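Beneath this line is the structure, given in structure tokens, with notes to follow.
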Amino acid sequence: MGETKNTSLDTVMTDFILLGLPHPSSLRTLLFLVFFIVYVLIQLGNLLILLTVWADPKLHARPMYILLAVLSFLDMWLSSVIVPRLILDFTPTSKAIPFGGCVAQLYFFHFLGSTQCFLYTLMAYDRYLAICRPLRYPVLMNGRLCTILVAGAWVAGSIHGSIQATLTFRLPYCGLNQVDYFFCDIPAVLRLACADTTINELVTFVDIGVVAASCFMLILLSYANIVHAILKIRTAGGRRRAFSTCGSHLTVVTVYYVPCIFIYLRPGSKSPLDGAVAVFYTVVTPFLNPLIYSLRNQEVKSAEETNSR
């Protein structure tokens, strides 16, 4: 247990103990290697996309690739907030995290995660305009407007992270300091609060669950219109390529949103599945994004091949 210091009223928490993901001790080394390799691949894959978009003037002048570069940047930082700490859980090192470190981790996770949530919605809207409104696309989505929308997503994400961190850590924490999770997230931390958490759970339900569900529905609506437009393509090959791309994008979006909705629309849940589900949007999605959004994109592949020569 972490150290505490006594006051006249209660015990004030100075650190938390992250219990990590439940796992057999025999698999500890294997899990360490798996998550370490995945983290390295996340960083390298997303860095490659960033450098490719930055180096090719044709790419970084187009809204689609501005959004893709921002997504890669978010993936690198979001995974860095969570995965290194997860990797340490498979080593003999201390599982303690300072109170301030827990606050920072929760803030940055929700700041970056909600910004990514909004960004996925913008990316789906951009694809909808490009495919369903191609003649008006240069007017409806240009570089300046794209930059403004991205800046708005960052501001909204920062506000969201601040609200969640403030509401979570305004509560008193005393007694047990063991967080039954692999990072400091709202549902797991609230279980340790020495006060009524009803308001926090309601805000979490509305601010995270409902917003995530709404963004997901907007994305599905965008892709429904895209599919309708694709069905009008005369050549079977064109329809097949378009469906393949849309299917890939929807797959990675689903892997991100569905686990989020599962976690945050069930306030007060103590399911042992929550930690395993959270791995999808904290580790799997940042790993898949470079594969889905770049390796299946002919323009990005062409630019990567050109820059490597």
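Backbone N, Cα and C define each Cβ position, glycine as well.
As recorded in TrEMBL:
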TRANSMEM  30-53  transmembrane segment
DOMAIN    45-293  domain 'G-protein coupled receptors family 1 profile'
TRANSMEM  65-87  transmembrane segment
TRANSMEM  107-125  transmembrane segment
TRANSMEM  145-163  transmembrane segment
TRANSMEM  208-231  transmembrane segment
TRANSMEM  243-265  transmembrane segment
TRANSMEM  277-295  transmembrane segment
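The largest share of C-beta pairs under 8 angstroms with the transmembrane segment (145-163) comes from 65-87, of the ranges 65-87, 208-231, 277-295. Over the domain 'G-protein coupled receptors family 1 profile' (45-293), the average per-residue pLDDT in this prediction is 86.
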